[in-house]
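Participant: So Swiss-Prot lists these for the protein:
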type	residues	note
TRANSMEM	20-40	transmembrane segment
TRANSMEM	54-74	transmembrane segment
TRANSMEM	97-119	transmembrane segment
TRANSMEM	141-161	transmembrane segment
TRANSMEM	168-188	transmembrane segment
TRANSMEM	217-237	transmembrane segment
Amino acid sequence: MVKLAFGSLGDSFSATSVKAYVAEFIATLLFVFAGVGSAIAYGQLTNGGALDPAGLVAIAIAHALALFVGVSVAANISGGHLNPAVTFGLAVGGHITILTGLFYWIAQLLGASIACLLLKFVTHGKAIPTHGVAGISELEGVVMEIVITFALVYTVYATAADPKKGSLGTIAPIAIGFIVGANILAAGPFSGGSMNPARSFGPAVAAGNFAGNWVYWVGPLIGGGLAGLVYGDVFIGSYQPVADQDYA
């Protein structure tokens, strides 16, 4: 059962919430800068060569490490979402209000966009790689993104949002980084392995190319929402909203 709550302006503009937005902006910027930067660096080292297995592994590791750090540094302030699909999945489960979630989205999208614009500047105008499907249709890309984003948000629920997580919560950032790295290895050659609308939106802004960008909104949001429904209803059970300061 969907547990969406709209929220109030008072809560969404409280000092705690504003700090959370700033934390999401900074952490998303750092994550996207390292993630997209690793792809640009690969292109520089190979003179624009096609992605090979070693390059895929390197980029997956860079994303995993950057997300591990990004979630860690923001976790105590904002919950460490860094991803509109994670925010949406948590909203579906009643862990963040719609209004506060929208401001999370704005912070995440701004952070990702500025990260990519900075990369374009510091690399002397090098092309910013954007996500796009390869060897599959856009519909197949959507399904791929649904599956891998479901895995990501399910992991977030199991290690960070579940009230019974106990000491498991201490490994949440590394578990989240691991699932993202693994999913990039699996989906990178096909859909790009985004799992994150902000991670795809930032490069699209910097490159001025939004072709196929809808895939990386539709797929991740469906996958994240499904994970929120499944874990929230089947495993967490009764609706017990978490206080705003914990996840918002």
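Glycine is treated like the rest: Cβ placed from N, Cα and C.
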Participant: Counting Cβ pairs closer than 8 Å, which of 54-74, 97-119, 141-161 has the most of them with the transmembrane segment (20-40)?
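Facilitator: Of the candidates 54-74, 97-119, 141-161, 97-119 scores highest.
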Participant: Quick test of the contact rule: Cβ under 8 Å, at least six residues beyond the ends. What residues does that give for the transmembrane segment (168-188)?
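Facilitator: Distal contacts: 51, 56-57, 59-61, 63-69, 71-72, 75, 80, 144-145, 148, 151-152, 155-156, 158-160, 195.
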Participant: Under 8 Å between C-beta atoms and at least six residues away from its ends: which parts of the chain pack against the transmembrane segment (54-74)?
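Facilitator: Result: 23-24, 26-28, 30-31, 33-35, 37-39, 42, 46, 80-82, 172-174, 176-178, 180-182, 184-185, 188-189, 193.
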